[in-house]
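Copied over from TrEMBL, here are the features:
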DOMAIN    1-319  domain 'G-protein coupled receptors family 1 profile'
TRANSMEM  28-50  transmembrane segment
TRANSMEM  71-93  transmembrane segment
TRANSMEM  113-142  transmembrane segment
TRANSMEM  266-287  transmembrane segment
TRANSMEM  299-322  transmembrane segment
Amino acid sequence: LAGAFCIPLYVPYVLTGRWIFGRSLCKLWLVVDYLLCTSSVFNIVLISYDRFLSVTRAVAYRAQQGNTRQAVLKMVMVWVLAFLLYGPAIISWEYISGQSIIPSGECYAEFFYNWYFLMTASTLEFFTPFISVMFFNLSIYLNIQKRTKMRLDVFHEVHNQSFTEEMERSPEAKLSLKCCKWEQKESAETLDLSKGKAQAAASTSSLDAKDLLETSSESSRKPKCCNKKSCKTSASTLSSEKQVKIVSQSTTQSFRLSRDKKVAKSLAIIVGIFGICWAPYTLLMIIRAGCHGQCISEFWYETSFWLLWINSAVNPVLYPLCHSSFRRAFIKLLCPKKLKIQPHYALQN
């Protein structure tokens, strides 16, 4: 919109130094220009807030993802607030003040040299949004750092568990441990039995056949136990299974952290570009209003003014570069057939 309407009307004005399109079109041009620039800022705040919720309140965010009406309402409110900030002042300033201060052949807002109004508007248009976006970005970064530390602590705690803890948690490990203990007990009982054989032979002349059968039957009912080698093999198998599970969980966590870091990185880029494009114009505009244009060179003011439009040109390219969801949306709008042919994973790369 800035490239289709604002810039074509402004270029002749800059080259000739005169506004040749009339007062009505001048006001329309000013309203549209201020509206587009302000809505661009407010949209950055809205998108940053949306990313903030998706990272810090993921469960509640996913629950509201299907609420299209609420999303549309937020986007409409951005444009309404952007219009209310400058629109009424541009349209009605000369009627409230009783006269117009704009010379013939010029086109700028009536409040162009009103320092108090510009300071208030700049606070709402630049300083407050910039601080808000910085807060959202910093909160996302701190949240990611906190979750990274928590997940690493859990990973190391599970990974450094002793062999005994692994044995106690698994039924198979318990069985293996009981087997090993039973073998040690059986060896001790065998030694005691050998020591008492002489006494038993002296006191008893012979064993009954029935007792022999019962003794044999009891021996057969004792569980066949694994040897030491099988105990170690079972424990080793258990440990390997647990390691595979730990590695799988670590991979999933690493993927989530990588995704969240990309969100934080993209927001940092957007905030940086926003600050570079808007800070010079905002500061020069306030200073220019304070000294009535006598202390700021026209060249630097024009340069800062064009930076605002450069920001509007960069943002539509910047968002698809930083977010795969924006890339898919652009491909869906521009090349719907290509979206159907390409697999989903290819679009995320």
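Each Cβ is built from the backbone N, Cα and C atoms, and glycine gets one as well.
Curation does not apply to TrEMBL; its annotations are automatic.
Fair warning: this is a prediction, and the values are worked out from it, not measured in the lab.
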**Request:** Determine the mean pLDDT over the domain 'G-protein coupled receptors family 1 profile' (1-319), rounding to the nearest whole number.
**Result:** 75
**Contacting positions for the transmembrane segment (266-287) when only residues 6+ beyond its ends and CB under 8 Å are counted** = 41, 44, 47-48, 51, 115, 118-119, 122, 125-127, 130, 133-134, 136-137, 140, 295-296, 300-301, 303-305, 307-308, 310-311, 314-315, 318-319, 322-323
**Fill in**
Outside the transmembrane segment (71-93), at least 6 residues beyond either end, the same-chain residues with a Cβ under 8 Å of its Cβ set are 27, 30-31, 34-35, 38-39, 41-43, 46, 109-111, 117, 121, 124-125
